[in-house]
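Engineer: This is the feature table in TrEMBL:
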COMPBIAS  1-11  compositional bias 'Basic and acidic residues'
COMPBIAS  773-793  compositional bias 'Basic and acidic residues'
DOMAIN    27-89  domain 'Amino acid permease N-terminal'
DOMAIN    119-625  domain 'Amino acid permease/ SLC12A'
DOMAIN    635-1033  domain 'SLC12A transporter C-terminal'
REGION    1-23  region 'Disordered'
REGION    83-102  region 'Disordered'
REGION    773-795  region 'Disordered'
TRANSMEM  120-141  transmembrane segment
TRANSMEM  147-176  transmembrane segment
TRANSMEM  197-217  transmembrane segment
TRANSMEM  237-255  transmembrane segment
TRANSMEM  267-286  transmembrane segment
TRANSMEM  317-339  transmembrane segment
TRANSMEM  351-375  transmembrane segment
TRANSMEM  433-456  transmembrane segment
TRANSMEM  489-509  transmembrane segment
TRANSMEM  515-533  transmembrane segment
TRANSMEM  545-568  transmembrane segment
């Protein structure tokens, strides 16, 4: 098929068109003559060549394949090659597949996209500024003092800043899609980590909606309580106000991101005014009422008195830190809507880090202002002043207030209601206008609730789109121009209402904080892991990060989790581990190029290199098999046995040799690589697939034996099937097969040949099944088409239906019907070929260890007995012995096996192995080799020489005479095998060796054939005569 990219009209240079998924076609470059000075199919670098399928930021172009360019130069003319560059990403063409656009496109469809200020900075600041700023900040600094209070804020900012740096590095290492923390973690560490933390993070955001709304409702209820306007009771009022509030917030969210952004701006303005109101209030001269409650404007002595900590009621530094830290969370508010940002790579680092800086300075500024103006304890009684002229010595914990003329000494005896330690409404008192603080509290809670209400569905939608949890695919669908997750909003609303009804978040709040911290820890670890892997694909545009700082951040986040609440931290880890194991077991079909893959590769290379420095030792010998299966599914029995040898033990290579001209076979080689490896993975076979293209089978196998493997990870056993058709095959085929065995001995491979009476190759059955399945599918599709047309009631369908039916009939008639005898044979073949996939019943594995080959003939069956499928099989050992010393030979073998620590059921010593075979067996052998004999003994010398010259591969009389004893041994062994092992599950026999250049190929094949004829599954094994067993420790 000619490539559509070529344009050969006239003498113009070829015009290379793109493959477009949006219905548009445009040339990347109509000509590159100006660039290179001559006509060429090569294309200059262009971004369109690197786009994903289904890109909406531009049209994907398909560059010329290497084969096309190569063939052009070879043939220097028109070419006819298959278009090997196709879009096979499996994309559905949705906008979510566009992950390569760095420069934002114009919004032609009206989609709302936010810049770094409105999309990231505002959201993060609103989420970080919470009720803690107005209600608990003064209490934290009262308990810890402003000395340790600064440490509390600094430590919180260190956690968030390090996480922000790590997030900046990750999100600038390629284009970021929607999904926030889930997207960053999953694309860095893989679906296992991403899937587990994504579900936790989305749920945490949904519950956070309830937490913030309940905080808002509690403030409203306090106001109702002050004005005696409670509706039912405090608990139910919180539920009623909370549910009404979350319904209104849901309406804003569903209305669209644009309305939600406008609401956030309004809330930010209120919050900023409230914060400014605090700073202004500290400079307004304090009234007598405020002084009685502990506020005295700026005073150095008050400031110094508040420097040391004064922990009360069992509080410690860590408990105070645990209470404050949730105020610092919220740095992922911008990342959670990354899909709605114009340029996430630029917006996320800039907006997030600036938000951390602004909010950190704000917290510190407000706290220090309060510490310089408010004492820890105050009575609130305006009569507790020190009378003018009263001589009172000021000391103790209320020195600063005493010097201001107020006597709060009663607070040392009994608890007071005012001061930074006792009154959570200090900010309202300090501010210039109290109601603004209430408005700021409302703004802080509602803005955080709104941000969480938007974040949870967005993250959840991204998780569902990746189909990691197949049951949640329903929530992946979006609606409207912004692809809004309406279903996710409803689910988040339901979760939020459920927790609002509980109306007690003292237990839930630490769990939420721990869920957020777990996300921060994994973001830091993702940055460290990606840097540690040193993958060439790790090239973040943001350079101000350090891998060890990220690791420190990850450890710090884990530590903070336990500081906040140890049982909540353990619960978080338990849930995460459970989800990780679940995703690992399910193995979602995704490949995101995660750093986990990169580290696995680096570890594999390093381990392989470290092995090269270690000398082989007999105790560490492992069977590493090169299995000549052809396509892996063509010889299942051979693959199953090899897998039993190597699973969890060693290397297994399934190999295929494509015979023919390289130009014709290379396409099959390239096409089969991924397909066959995927088949092995699907069938859970721990094996690799390798293929070569050569002019002959022997040459291809020789190449594989010489080049396969990596360092110590290279095959040491060649495993192949017995050539059942050697008597009817051409001479070259037999010579090639026997030549492979000779090559294996030359390269010092252990050699295993498997023979089964029904044969091993089931490729013709597989091909027939695939054809039948294809025809059945066509028939099903045709029936659906007929049904659809009949429902439409179109008369024209009758004609098309007849034509289609005729076409199907003609295709079916091409397939020759199989006779009953052939069907039975095929059924037996399939059954036998899969027998090693089933558990073997009680029986024996008979090991005929005739020759000492280093122990491989004994080791391989022992490994089989350790497998579940063969655990009910006992090993019986058969050895050759001399007449008159059977018991001695048995005792010696028993002693050897005990030293090898190999279990066996029985030892049989064969002392009549040297007897001549019976006439029937010998007649069978003679009939087997008759077509391949020269019979030169009965002819004249001249004629005999001419026959030998014309047929050098045939078996001569002299050769039969020379190897008469060895031939007798093979025939006699078959008789003994028939007599002793006819009922065995599997027979292992030492393989005879044909001396190179002395034994003809057909005689050697006759030896192997007669030795294994009419027996249960039989394996001929010959080690490389290097010890693979030892009895030394």
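Each Cβ is built from the backbone N, Cα and C atoms, and glycine gets one as well.
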Engineer: Would you kindly check 197-217, 267-286, 317-339, 351-375, 545-568 and say which stretch has the most C-beta pairs under 8 angstroms to the transmembrane segment (120-141)?
Structural biologist: 317-339
Engineer: Counting only pairs 6 or more apart in sequence, are there at least 3 Cβ pairs under 8 Å between the transmembrane segment (515-533) and the transmembrane segment (237-255)?
Structural biologist: no
Engineer: For the transmembrane segment (147-176), which partner among 197-217, 237-255, 267-286, 317-339, 433-456 gives the most CB pairs under 8 Å?
Structural biologist: 317-339
Engineer: Report, as numbers and ranges, which residues of the same chain sit near the transmembrane segment (433-456): CB under 8 Å and 6 or more residues beyond its ends.
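Structural biologist: 123, 126-127, 129-131, 133-135, 180, 202-203, 205-206, 208-209, 212-213, 215-216, 219-220, 223, 245-246, 249-250, 252-253, 257, 260, 263-264, 267-268, 270-271, 273-275, 277-278, 281, 330, 332-333, 336-337, 427, 488-489, 492-493, 496.
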Engineer: If we skip the immediate neighbours and take only residues 6+ beyond the ends of the transmembrane segment (317-339), which ones have a Cβ under 8 Å from one of its Cβ atoms?
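Structural biologist: Contacts with the transmembrane segment (317-339): 96, 114, 119-121, 123-124, 126-128, 130, 132-133, 136-137, 140, 143-144, 148, 151-153, 155-157, 159-160, 163-164, 167, 171, 176-181, 183-184, 205, 257, 309, 311, 347-348, 351-352, 355-356, 359-360, 363, 448, 451, 454-455, 458-459, 462, 483, 509-510, 512-513, 516-517, 519-520, 560, 563-565.
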Engineer: Should anything in the same chain at least six residues away from the transmembrane segment (237-255) have a Cβ under 8 Å from its Cβ atoms, list it; otherwise answer none.
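Structural biologist: Cβ under 8 Å, 6 or more out: 209-210, 213-214, 216-218, 220-221, 224, 230-231, 263, 446, 449-450, 453-454, 457, 484, 486, 489, 493, 496-497, 500-501, 503.
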Engineer: Taking all residues of the domain 'Amino acid permease/ SLC12A' (119-625) together, what is their mean pLDDT?
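Structural biologist: Averaged over the domain 'Amino acid permease/ SLC12A' (119-625), the predicted model reaches a pLDDT of 84.
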Engineer: Counting by DSSP secondary structure, give me helix, strand and coil numbers for the compositional bias 'Basic and acidic residues' (773-793).
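Structural biologist: Summed over the compositional bias 'Basic and acidic residues' (773-793), the classes give 20 helix, 0 strand, 1 coil.
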